[in-house]
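Down below is the structure, laid out as C-alpha cells.
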Amino acid sequence: MCKGTQQFVHRSCLDHWRSVKEGTAFSHCTTCKARFHLRVECLEDDICRRMKFRLFVARDVILVFLVIQAAIAAIGGMAYLLDKDGNFRNRFSDDWERFLSKRPVPFYYCVGVVVFFVLVGFFGLIVHLSSFNNNDPCLAGCHNGCYGWGIAELPASIEACFAFAVIFVIIFAILGVAYGFLAATLAIQRIWQRHYHILTKKELTKEYVVEDLPGGYTPPKMDPEHEQRLKMLQLM
C-alpha cells in the first residue's frame, strides 16, 4: 500500500522494526496502517539466539557496573586531590587500618565506595520522603520524634559534632547499600525484561513472516488460532 521507497524495504530492516517497535507494528505498516500478509512457519529451538540474549543482558549489566565503578573512581580521585599531603590517610595507621593507609589506591577507592553509598543513601532517602504527603501522620510523628530525642538540635561541642557526623555517615552508608541493592535488582530486572521482550518478538518475526505481494493489496486472512495468539500478545 505504500507508494514510496518504503515498499522496497529490506526484509531484515522490516523484521528489526517489527521487533523493537511497540504497538501493532509487528502486524501492520506504521505508515499506511495496512495489515501484513503473514505466513506461519514452524521453527526449531534456536540455541544461538538464546545465547545472544544472555550476552546482551550480561553486556548491559557490565556497562552499569563500569559506570558505577567510574563514579567511585572519580570520587576517590577527588578525595586524593583534597588530601595531597596524606594527613587524612595517615590517621588510619593503627592495627588493620595500616594496610589501607600504606596503600593509597585501595584507601581512596574505599573512601570513594563509602562516599558513593552515603550519597546514594542521602538522595534515596530524599526521593523516598518526597513521595510522602506532608500531612502524613507517620511523617509528622517521625519529625516530632527527631526533635524529642534532640536529633534536630545542634550539639554543643566539636567532639559531639564529629560523633554525630560519623553516626549519620554510617546510617546513610547503610541506607545507600539498601537503596543500591534495590536499584540494582530493579535495573537487572528491567534489562532482562527488555531483552527478553525484544528476543521473543524477533523469534516471532521468523515464525510469522511478512509475505511479498506481487500486485494489488487485498485484506489478509489468517488462521483464527494464530490471530488470537498475536492479539493476546498485543501484536495485532
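Placed from the backbone N, Cα and C atoms, the Cβ positions cover glycine too.
If you look up TrEMBL, you'll see 1-39 marked as domain 'RING-CH-type'. With a cut-off of 8 Å between Cβ atoms, the residues of this chain six or more beyond the domain 'RING-CH-type' (1-39) that come close are 198, 201-202, 204-206, 208-211, 213, 217, 219-220, 222, 226, 230, 235-236.
The transmembrane segment annotation in TrEMBL covers 61-82 (among others).
Residues or ranges marked as transmembrane segment by TrEMBL: 107-127 (among others). For the transmembrane segment (107-127), the residues of the chain that approach it from at least six positions outside its boundaries are 68, 71-77, 79-80, 83, 89, 92, 100-101, 169, 171-180, 183, judged by C-beta separation under 8 angstroms.
Per TrEMBL, the feature transmembrane segment maps to 162-188 (among others).
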Below 8 angstroms Cβ to Cβ, which residues of this chain, lying six or more residues outside the transmembrane segment (61-82), approach it?
88, 104, 108-109, 111-113, 115-116, 184, 187-188, 191
Same-chain Cβ contacts of the transmembrane segment (162-188) under 8 Å, 6 or more residues past its ends?
61, 64, 114, 116-122, 124-125, 155
